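Engineer: So that we are looking at the same thing, I have put the structure below in structure tokens.
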Amino acid sequence: MPDTVQHTPAVTGRIIGIDVARGIALLAMIIAHLYPLKGFAGAFLEGFPSALFAVLSGISMTIIFSKRGAVDVFIRGAILVLIGIVVTPYAGTIIVVLKALGIGYIVFALLQIPRWSTKWASLGFIVLLAVSGIVRVITLHTTLHALLREPYPIVMWLAYMAAGVLFAHWLRANNWQVTPFSTSGFLAAAAGVVISVLGVLARDWVDSAYAVATRNNLGIAVHGFLDAKPHSGGLVDGLATIAGSLTIILLCLLLVQTDRWVFPLKAMGSMALTVYLGHVISAGIINRGHIATQYPELAIATVVVAVVGTSIWAMFFRYGPLEYVLGKVARTGSQAVNGLSGKRSDNHSSNHGG
């Protein structure tokens, strides 16, 4: 196994900035699904919201891993995959992201990636980015399994989550705190904005579709590997969306130290699974069988219900309804598995005792 991180205290309580960033991701995803914007602004709703979800999942997974271990993370991943499979027939034109996230949880739990040292996690992240670009080239030549293709190519999704793990390592090294309004933090965020903008602009420069249409094999290899198209899994798309995701997260941590003014976003972000499934199912009922188009009334209603509903719920309960059930099942399953492992270890010791 690669070198592991040194023991550091696990985070206590919720990190407000992370919840706010997750709330922003939910709002962006709802708008992208129900009222997609046009032009340059709309380009940032293509690929960025789901990538932000994936990076945040990597951060959350690392925190859960440090508190409850690999079995808990594995069970959560399996449940997310199961929910994704069950919900997909009712999602209409929306492609459910839960299967990709769940598989990421399972893979990272099996390999215990959240425990890897920053050096090895960084190497894994780089390898995943490169492999994702290679897989993209292959998909332009032939048909691969749906998990390897857009809109949620699993290799890039693992890279997103690895970026989240690395960010969590950085947070842990800083005792889970970010200096408010720090100059270095804003400079890093500015660099992230530049990379994101360049990535969006590159969608007009890196054109794998034209290379395929002209049967230019060299063009397919180069443009496919670098592909900037949203959800493609190409290198430019990956770097741009990761930079954008980390920028949003960093800005939330820099600017939000209390939930006084952002309580609705924090509440919404703390119940991401509940809100996401409510949105997907309600949207699926409306647009099932139709070509994706704009639903402004549903978009407004979804946002209002999500913001108001989660805010009221958070005043009385610590966890969202589905978050509570997911955590309870994962915790119970983890305790059962660990209990069985402990009994086997005790039996093994007694059988070999003096």
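Cβ atoms are placed via backbone N, Cα and C, with glycine included.
As listed in TrEMBL for this protein:
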type	residues	note
DOMAIN	233-328	domain 'DUF418'
TRANSMEM	15-35	transmembrane segment
TRANSMEM	47-66	transmembrane segment
TRANSMEM	78-111	transmembrane segment
TRANSMEM	123-148	transmembrane segment
TRANSMEM	154-171	transmembrane segment
TRANSMEM	183-202	transmembrane segment
TRANSMEM	235-256	transmembrane segment
TRANSMEM	268-286	transmembrane segment
TRANSMEM	298-317	transmembrane segment
Engineer: Excluding the flanking five residues on each side, which residues at least 6 beyond the ends of the transmembrane segment (47-66) place their CB within less than 8 Å of a CB in that stretch?
Structural biologist: 10-11, 18, 21-22, 24-25, 28-29, 32, 72-73, 76, 97, 100-101, 104-105, 108-109, 112, 114-115, 151-152, 157, 160-165, 167-169, 171-172, 196, 230-231, 237, 241-242, 244-246, 248-249, 272
Engineer: Tell me the residue counts in helix, strand and coil for the domain 'DUF418' (233-328), as DSSP assigns them.
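Structural biologist: In the domain 'DUF418' (233-328), the DSSP-based counts are 74 helix, 0 strand, 22 coil.
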Engineer: Kindly say whether the transmembrane segment (15-35) and the transmembrane segment (298-317) touch, using the definition of 3 or more Cβ pairs under 8 Å where each pair is 6 or more positions apart.
Structural biologist: yes
Engineer: Under 8 Å between C-beta atoms and at least six residues away from its ends: which parts of the chain pack against the transmembrane segment (123-148)?
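Structural biologist: Contacts of the transmembrane segment (123-148) (Cβ under 8 Å, skipping residues fewer than 6 from its ends): 99-100, 103, 113, 116, 154-156, 158-159, 162-163, 166, 208, 211-212, 220-221, 224-227, 232-235, 238-239.
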Engineer: Are the transmembrane segment (298-317) and the transmembrane segment (268-286) near each other by the rule of at least 3 C-beta pairs under 8 angstroms (pairs 6 or more apart)?
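Structural biologist: Output yes: the transmembrane segment (268-286) sits against the transmembrane segment (298-317).
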Engineer: Counting only residues 6 or more past its boundaries, what in the same chain has a CB within less than 8 Å of a CB in the transmembrane segment (154-171)?
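Structural biologist: Distal contacts: 5, 11, 15, 51, 54-63, 100-101, 103-104, 107-108, 113-114, 116, 118, 121-122, 124-125, 128-129, 131-132, 135, 147-148, 177-178, 233, 237-238, 241-242, 245-246, 249.
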Engineer: Take every residue in the domain 'DUF418' (233-328), average their pLDDT values, and give the whole-number result.
Structural biologist: 91
